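Just below is one structure, and these are the notes that go with it.
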Amino acid sequence: MSTTSSKTKVALRGGAILNNPRFNKGTAFSRQERAEFGLRGRLPYAADTLDEQVTRAYEQYQSRESDLLKNSFLQSMKAQNWTLFYALLNRHLEEMFPIVYTPTEADAIADYSHLFRRSEGLYLSPPEEDNMEEDFLDACEKRELQLIVVSDAEAILGIGDQGSGGIGISTAKAVIYSLVAGVDPAKCLAVTLDVGTNNKDLLDDDLYIGYREKRLRGEPYDKFVEKFVGLVKKHQPTCLLHFEDFGITNAERLLAKYREQHSIFNDDIQGTGAVTLAAVQAGVAVTKSKLQEQRIIIYGAGSAGLGIARQLRDAILLDSSSSSSSSAKSKAAKQFCLVDKAGLVKKSLGRDKIRQEIEDDFIRDEEDWGGEETGLLEVVKKVKPTILIGTSTHAGAFNEEVVKEMAKHVDRPIIFPLSNPTRLCEAQPKDINNWTDGKALMATGSPFPPVDIPGSDRKYIVAECNNALIYPGLGLGTILSKSSTMTDKMIVAGAQRLAHLAPALKEKNPDLALLPAFGDAQAVNFEVALAVIEQAVEEGVSREEGLPKGKEEVRKWALEKRWEPEG
């Protein structure tokens, strides 16, 4: 079940092995294996190949009429046979990714209490806090874990507070790590911190199976999280701890609090910023300019927009070989204008009206603007941006006037309407393309078809800023290097490697996408992982004593460490 030829010793026989999804291979057990494990007579006579099993499973999958039923089918398969589950997903990655993850998984999570069949992962709740260490150790089962994905389910996949259903996003994220990056599912643990819910529909639902209380807040919440993180640090010191779908305020402060203490990653903040950085770097390379020369407007000053601003700022510092001192960061931050529903984020708004997570360096001085209007159009007119990024969920915000104004001042405007879902996108790529006479370099948060380039028979390929193009690789590199922390430079190194793989650069054709296609996610994430390992070694945060020297030797070593489903 891995890329290596080593065998796993199994102290199970008969029905016990068939009921264990890690070891069960169903009809793929050979004659010899059936004899060794006491399986003769427990399976149909024919011994299938894994390919034959996948073909049969895909026929069953196709017979499910709705996406939710397909999700349920795949969840059932995962509970029975990991090898077949991952082999099926590998064969049909692009088709099935939206079924096992967003958007379909959101529907499954919302209906979790009604769809529940069996537990998966670790559920931690305040009434049982005194037993947390015992429960954590039981869930670890004496394994040396590589990955723990944890959520408190306050901000799930755009559907908000989902209480105990948050285990669904933790398990889904772990699946993507195994599927795309090759992290062994036997070394992963999904966790939900079920600290209550403020979702009235759940609290009023007689079948709700979570902790039926209002959400824990303040000091009691912080102590609960502190205890959990402390257990991870104590008992799983080399694993990656992935925070997922925490509420905005908690997500940012918990990342800031713990990232220097352990290997921590938050996809909502860092993953979105990293994949956007990669697309921006590819766009900047197409224009033959430099990152430190850009004028950047980010429309939407929430956690995603701020995460993007920080990642771009950090990359600017590295790109220009500047120090990471406060003065250098302040200078780099001056390349940005953050705009939200109240207009430009500037000092005259007062600190009480500006999100506390926004650093002072990103807040513009009032004297630069006087009493002028500071809506998006006015800011575009004054700043003359080279890059415009949308994370606002304000549909149509990048209208014709805004886009044409931007295009007046730059030959190849870089425009990324990233908001999801599609109906909340700041602009449609075909409109941006027409308004800029085909000059815009674009990336979106959802997949869009190619658009016609005006005045030619060519088409422009719109890149999709899908976090899954980078976060599994960031995680794999951190895991394999056993890094003590995931540094900003490691993330930037991964983003730079992803940018170099952009078709627009590899093929030297600006009509092609600024990011690789999702169908290449596995190969792309492996390259990202290698870049992360190299950077971890350079910074001295790698703790893997067996890491070989030399890039080709590391590549071979890392490839052998990847898990793959094998019959």
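Note: Cβ is positioned from N, Cα and C throughout, glycine not excepted.
Residues or ranges marked as active site, proton acceptor by TrEMBL: Lys173. Lys173 (active site, proton acceptor) has a Cβ environment of 25 other Cβ atoms inside 10 Å. According to its DSSP assignment, Lys173 (active site, proton acceptor) is helical.
The local packing around Glu244 (divalent metal cation binding site), expressed as other Cβ atoms within 10 Å of its Cβ over all shown chains, amounts to 27. Sequence annotations record features per position, and here TrEMBL assigns divalent metal cation binding site to Glu244, Asp245, Asp268.
The Cβ of Asn420 ((S)-malate binding site) lies under 8 Å from the Cβ of Gly158, Thr393, Gly445, Ser446, each on the same chain and at least six residues away in sequence. The (S)-malate binding site annotation in TrEMBL covers Asn420, Asn466.
Residues or ranges marked as domain 'Malic enzyme N-terminal' by TrEMBL: 78-259.
Look at TrEMBL and you will find 269-537 tagged as domain 'Malic enzyme NAD-binding'.
Sequence-ordered, the extra residues of this chain that approach the divalent metal cation site, with Cβ no more than 8 Å from the Cβ center of Glu244, Asp245, Asp268, are Ser151, Ala155, Ile156, Ile169, Lys173, Phe243, Phe246, Ala251, Asn266, Asp267. The binding-site residues in question are Asp245, Asp268, and the one with the fewest Cβ neighbours inside 10 Å is Asp268. For Asn466 ((S)-malate binding site), the number of other Cβ atoms no farther than 10 Å from its own Cβ, over all displayed protein chains, is 22. Each residue contributes its Cα atom, and for Asn466 ((S)-malate binding site) and Asp268 (divalent metal cation binding site) these two points are 12 Å apart.
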